[in-house]
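Participant: Here's the feature list from Swiss-Prot:
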- Asp57, Gly58: Mn(2+) 1 binding site (BINDING)
- Asp57, Gln276, Glu318: Mn(2+) 2 binding site (BINDING)
- 21-327: domain 'PPM-type phosphatase' (DOMAIN)
- 354-431: region 'Disordered' (REGION)
Amino acid sequence: MGNSLPVESKFTFEEENDRIKYVVSSMQGWGEKMEDAHAAILNLDDATSTSFFGVYDGHGGAEVALYCAKQFHIELCNHEDYHNDLINALDNVFLSMDENLQQSDAWRELVIPHDNGCMYFLKAGVCAKPFPQATYTGPAYEGSTACVVVIRGNQMIVGHVGDSRCVLSRQGGLAIDLSFDHKPCTRTESERERVQNAGGRSLGLRCEQVMGNYVVKEQWVLGDFGGGVTISRSIGDFAFKKNKDLDREKQMLVCDPDILADDITDDMEFLVIASQGLWSCVDSADVVSYIHDRLSVEGAELRVICEEVVEFGLASGENTTVILVQFKPGAFQYQLVDPAGFGTAVSNIASTSAAPAGASDTSDEGVMADSCATADTSGSARAESGELVPTPSANNTVTDEVDPTGTVAADDKVDPNSSANADADDGAPKPSLGAVIESDEVALDATATGHQVAVRQQEEFDPKKCWICGKGYKKILLEPSSARARNPLLAHAKTCESEDKKAKKKITKYMMKANVTNQYH
């Protein structure tokens, strides 16, 4: 939150080939500056039928996210296993990107804005170089998430670190999460233990008052420093990766990605790849349902739908970037003899239909390493993979990369001298719709044993609509006065208060029930 009014202008680009059509749209919103970055390329190279899509949510600055968007896909294409074992290549690229940032500051040359070079060097302290310089250690409190999708032939790989997310829609609008937020409060117990054993401590529940309600966050901090992060895996953030007594994979923050790979079948409709700015406001099932319903309308344009989804992130107070990838009907019915160089690609994307909340299901498509699949209470199936592989970014000219109005050429081929288009974001995690964080010491339920935050569904008040007039949250976002508020739902309710004498009592009761939580911040 750094602006008196949100920056609602959007960067939007679309492209298609005979198999897929995609639209990418990004918006700064209430963020003080743009820290999201993205990369989208329909044809990554001439030799293989490979497409690449990546969203990078920066924090502590935009530089790391921009670097990922410019360089990730190039590192991938240059890897020796790119053609024969794409899974292994992706895994190594995640780690090599982290190493590149830590070895020297040469990477910053790719992300220096050409029209603001003097200010950058002043900020970096170049003018003070007569004094001996300390050994370079990498960006201490600058980092980025990464959520990427690589499509080759009739197969796809999803790899990620952090809390940017990829969601698949199967026929009928069934939402399936293909990535899982890397946060100590929502991942496995081992994730939290790793952070604690490396010297991290939890601030517990940090509250920020917003219009009479409260936002509750959990943040990890170093035991001896004031800096903190809200994710447990990232690229960069080397202040959290410098414990000399621990191996790389045991540091407080790591860069080991989770990977999921599977065949693309004809019942798959589209993918949504987005930064935390979107998922802070709406859950996976709501996003997929909205897009599915809009696509069913005759004459609906994918570009317009993507921009509408980006606007949902306005209430988060963060930057929002969304890549919407639509599979064309019948385009993925063929089967390759060789799995297109995916190597030991392993996966299992859950296939559920009308399954009861909390039930688990698995499909017979593919095989997945150390994975499990469950359906969450919001109705979206989740498939959780073990730790395997990484990913890249898109290409374009350096000028286009640092210019928010630049264009990503979807059919650009990878050139070692080229780079990708980008924008930038601060991914602070927040609860999803319908959830309230009560304490960081209470278990969620049977499926979340070991989590030290409790999430419960509000029983009386539906968090997706106004508790006074009953208007839905999506319609409230269309009201200019409400959409510009930090909390659109509460702002709308305050308007209703002037029209309903009983509203004040209802708001008071709601506040008491929600206690110290407002998931719409």
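Each residue, glycine too, has its Cβ placed from N, Cα and C.
How about a rundown of where these features are and what they're close to?
Facilitator: Secondary structure at Gly58 (Mn(2+) 1 binding site), as computed by DSSP, is strand.
In the three-state DSSP scheme, Glu318 (Mn(2+) 2 binding site) is classed as coil. The Cβ of Glu318 (Mn(2+) 2 binding site) has 29 other Cβ atoms within 10 Å, all protein chains considered.
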Participant: Just to verify a number: CA distance, Gln276 (Mn(2+) 2 binding site) to Asp57 (Mn(2+) 1 binding site), in angstrom, no decimals.
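Facilitator: With the alpha carbons as reference points, the distance is 7 Å.
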Participant: Could you state the CA-to-CA distance between Asp57 (Mn(2+) 1 binding site) and Glu318 (Mn(2+) 2 binding site) to the nearest Å?
Facilitator: 10
Participant: Cα-Cα, whole number of Å: Glu318 (Mn(2+) 2 binding site) versus Gly58 (Mn(2+) 1 binding site)?
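Facilitator: Their Cα atoms are separated by 11 Å.
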Participant: For Gln276 (Mn(2+) 2 binding site), what is the secondary structure by DSSP, using just helix, strand and coil?
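Facilitator: DSSP assigns Gln276 (Mn(2+) 2 binding site) to helix.
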